[in-house]
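Asks: Input: one structure, supplied below.
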Amino acid sequence: MKFPSPTIHILLLLLFFSLLHKPIFAVKKSYVVYFGAHSHDPELSSIDFNQVTESHYEFLGSFLESYNTAKESIFYSYTRHINGFAATFEEGVAAKIAKHPKVLSVFLNSGKKLHTTRSWEFMGLEHDYGVMPSSSIWKEARYGEGVIIGNLDTGVWPESKSFSEEGLGPIPSKWKGICDNGADSDFHCNRKLIGARYFNKGYASVTGPLNSSFDSPRDNEGHGSHTLSTAGGNMVHGVSVYGQGYGTAKGGSPKSHVAAYKVCWPPINGDECFDADILAAFDMAIHDGVDVLSLSLGGGSTDFFNDSVAIGSFHAAMHGIVVVCSAGNSGPADATAENLAPWYITVGASTMDREFPSYVVLGNNITLQGESLSSARLPHKFYPIIKATDAKFASATAADAVLCQNGTLDPAKVTGKIVVCLRGITARVDKGEQALLAGAVGMVLANDKASGNEILADPHVLATSHVNFSNGVTVFSYINSTKFPVAYITHPKTKLNTKPAPVMAAFSSKGPNTIIPEILKPDITAPGVSVIAAYTEAEGPTNQEFDKRRIPYNSISGTSMSCPHISGVVGLLKALYPSWSPAAIKSAIMTTSTTLENDAEPLLNATDGQATPFSYGAGHAQPNSAMDPGLVYDSTIEDYLNFLCALGYNETQISVFSQGPYNCQKKFSVLNLNYPSITVPYLSRSVKVKRTLKNVGPPATYIVHVQNPSGIAISVKPSILEFKHVGEEKSFKVTLKAKKVKTTNNYVFGKLTWSDGKHYVRSPIVVKAL
C-alpha cells in the first residue's frame with residue numbers, strides 16, 4: 001500500500017484546520033464602506049471618476065486578495081462627493097476593513113421604510129391650516145421659481161398634471177442631472193420634472209436579480225408622486241378625491257423645478273429603501289445641483305456614520321443643500337422619533353382645519369361623526385350592524401377577528417351587514433377590503449385607545465366611517481345592548497375651518513432623541529393627516545390588488561406627508577434668500593412656528609392631552625412668518641465638525657470632511673451647538689448654554705422673555721441685544737438652575753423668546769433635572 005508523501009500530509013492538515021475555522025459556504029452580505037468626503041474637484045471628468053472607482057477596486061482587492069473578485073463584489077462606487085463603495089463580502093472581511101485607518105465606517109446595507117401610515121398601520125388644497133403661504137408671500141418668493149427640489153422616494157408618475165411644465169421658466173443652467181428612463185420608453189421629463197434617476201442595486205443585493213420592470217424611475221406605488229407634488233407640484237385646478245376636498249392643488253413651491261430619485265421598492269421583510277441605494281442617490285443629487293432634498297423615509301436609530309441618511313445629508317449640507325426628513329410613524333410612544341441628526345430638518349405630523357365627515361347613525365337615533373373618502377354610497381336605510389368578533393369563522397381567534405384580519409370574517413354572518421372592525425396591526429384600507437370580500441355593505445372602523453381622537457380619511461373600497469375611540473365604545477355598547485342592532489353610514493362631505501386644529505397625530509413619532517438627547521427632535525410639525533396630492537395610476541388608491549379603481553389624486557396620512565410641506569416652505573425661502581445656509585433656513589421655520597391651535601389654546605395630542613415639544617418640536621410651521629424671522633440661529637459646517645468632536649469622533653476621522661488636518665475645539669460642548677432649541681437632558685445643579693443670533697432684518701433692539709420650566713430657574717445675559725445692520729451677530733448665555741425641590745426625574749418644558757415688538761424669535765426649552 002502506497003502512503004501519501006509528507007508534503008501532501010501537511011497540505012491535507014492545513015486544509016482540515018482551515019475548514020475548522022471557516023465554513024465551506026461562508027455567508028456573504030452587502031455592506032457599505034465609507035471613507036468620508038472626496039478631496040478631488042467635483043468638476044472632474046468621467047475618466048477621473050473611473051480612477052476613483054479603480055482605487056475602490058484596489059482597496060477591496062487587498063482584502064479579498066483578488067482585484068477581479070473585488071470588481072465583481074462592488075456594485076456601487078461613490079465617486080462624486082461621498083467617498084465609499086457598496087459591495088458584497090463576508091462578515092470577517094467587513095471586520096478587517098473596519099480596522100483600516102482610512103475607513104470611517106463599515107455597515108450593513110440595511111433597509112428603511114416609507115413613513116406613510118397605510119403600509120402599516122398642502123398640497124392638499126387651499127384650506128390647509130397654517131401652512132399655505134399668503135398670496136403676497138408666494139409672489140414675493142416667486143412661487144419658488146428657479147429652485148430645484150429633489151425627492152428620494154418611490155419615483156414619480158410623470159403624466160400627472162402636477163408635473164406639467166405649464167408656466168415654468170427655463171431649466172436652471174447649473175443643473176447637471178439627467179432623465180434616466182431606463183427600460184421605460186414612455187417616461188419623459190420636461191421643464192417642471194427636470195430629472196429622474198433610479199437606484200436599485202442595493203435592493204437587488206438583498207432580493208436577488210431583478211427583471212427589467214425595475215429599471216425605471218416611474219412611481220408604481222403612489223408615495224413618491226404624492227410627496228414630490230406636495231413639495232413642488234404645479235397648480236392644478238378642479239382637484240378632488242371622489243368629489244371631496246375640491247379645489248386647486250399646488251405644492252409649497254409650485255413654480256420650482258423638481259427631480260425624482262427612486263430608492264424605494266416593493267417591501268422585503270418590511271424594508272423598502274436600502275442604505276446603498278440611498279447613498280448613491282445622495283451622491284448624484286448633490287452632483288446634479290438640487291437646492292432641497294426631501295426624504296419621507298427612515299429606519300431605526302443608529303450611529304450617524306452607520307446611517308445613510310445622516311451621512312448623505314451631511315454631505316448635502318456641506319454643499320448648501322437643505323435636507324428635510326420625516327420623523328416616523330411610531331407614535332404615540334415616547335423616544336420613537338427617527339432621523340435624529342442636527343444638520344437636517346425633522347418633521348412631525350399634525351392635522352389641518354379640514355375634515356371629511358361621514359356619520360354613523362345608530363338605530364337608537366345616536367349620530368356619531370367619523371371620517372372617510374369612500375367612493376361607495378349606501379342607499380338611505382338601516383342595515384344590520386355586527387361586531388367582527390361575532391362575524392368570525394369558528395376557526396378564527398377573537399384577537400384576529402376583531403381586527404378584521406385576512407380570512408377571519410364568515411360571509412354567512414357578514415353578508416348584507418355593516419361590520420365593526422378595530423384599528424391596528426393591518427392597514428385600515430385592508431380591513432375594508434376584507435369586509436367587502438366577506439359580503440359586508442359597510443364598515444365602521446373604530447380606534448383603539450392609543451389612537452384616541454385621531455381619525456383619517458381614506459378612500460375605502462366600501463362605505464366606511466372611521467370613528468374615534470369614544471365613539472367606537474358607543475358603537476360597541478349599542479350592539480351589545482340591542483337584540484337587533486342596525487345602523488346607517490352617510491356619504492362623506494367636506495368640512496372646512498374645523499376646530500381645534502392643528503392637533504398632533506397619534507402616529508407621529510416623538511422625542512426625546514435616543515442618539516443625542518441634547519438635540520430636540522422632531523424640529524417642527526406640519527400637516528400630515530388626510531393630505532390630498534398627486535398619485536400613481538398604476539395602482540388603486542388603497543394599493544390593494546383587489547382595488548381596480550384609478551384616481552389621479554389621493555388622500556394619504558403620515559409624517560411622509562408632513563415632511564414635503566416643509567420642503568415646499570424651504571423652496572420658498574431658498575428663492576427669497578438664496579445665500580442663506582441650511583441652518584438659517586431651519587431656524588427661520590422653527591423660531592416662527594406656533595404652539596397654539598386655531599382657538600388660541602395650546603396644541604393637543606390625539607387623546608386630548610396637552611402636547612409637548614417632544615411631539616411638535618418648536619411648533620406648527622407658519623410660512624408667512626418664516627419669510628421674515630428677524631433673527632436666525634446660524635451654524636456652519638465647522639460647527640457640526642466640532643459637534644462631532646464633542647461626540648467623541650477623533651481629529652483623524654473629522655479631517656476627511658475638512659479637506660485637510662482638523663483641530664477639534666477642545667472646550668466645545670454638545671449643549672452649545674447653535675441650535676434653535678435648547679435641550680438639557682442631565683441638569684445637575686446648574687449649567688450655562690451659549691447661543692448666537694444673526695440679524696436678517698432691519699436694525700432693531702430685541703428683549704428676551706423667558707417662560708421657565710417647572711422647577712427650573714433661568715437667567716439670560718445679556719437680556720437685551722441691539723442689532724445695527726444685516727448679518728451682525730450677537731451672543732448670549734442662558735443659565736439653567738434646578739431649584740432646591742424634589743425633582744420628578746421627568747422632562748419639563750419652557751420657552752425663550754427674543755422680540756423687537758414685531759418679530760418673535762421663539763425657542764423651546766427642554767430640561768430634565770437629575
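Any Cβ shown, glycine's included, is placed from N, Cα and C.
Not my notes, these are from TrEMBL:
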ACT_SITE  Asp153  active site, charge relay system
ACT_SITE  His223  active site, charge relay system
ACT_SITE  Ser560  active site, charge relay system
DOMAIN    30-115  domain 'Inhibitor I9'
DOMAIN    144-617  domain 'Peptidase S8/S53'
DOMAIN    402-472  domain 'PA'
DOMAIN    672-767  domain 'Subtilisin-like protease fibronectin type-III'
SIGNAL    1-26  signal peptide
Asks: Any idea what the Cα distance is from Ser560 (active site, charge relay system) over to Asp153 (active site, charge relay system), rounded to a whole Å?
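Replies: On Cα coordinates alone, these residues lie 10 Å apart.
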Asks: Mind looking up the mean pLDDT for the domain 'Subtilisin-like protease fibronectin type-III' (672-767) in the predicted model?
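Replies: Summarising the domain 'Subtilisin-like protease fibronectin type-III' (672-767) by its mean pLDDT gives 95.
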Asks: C-alpha of His223 (active site, charge relay system) to C-alpha of Asp153 (active site, charge relay system): distance in Å?
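Replies: Between the Cα atoms of His223 (active site, charge relay system) and Asp153 (active site, charge relay system), the distance comes to 7 Å.
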Asks: For His223 (active site, charge relay system), what is the tally of other C-beta atoms lying within 10 angstroms of its C-beta?
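Replies: For His223 (active site, charge relay system), the 10 Å Cβ neighbour count is 27.
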Asks: Just counting, how many other CB atoms are there within 10 A of the CB of Asp153 (active site, charge relay system)?
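Replies: Counting Cβ neighbours of Asp153 (active site, charge relay system) within 10 Å gives 29.
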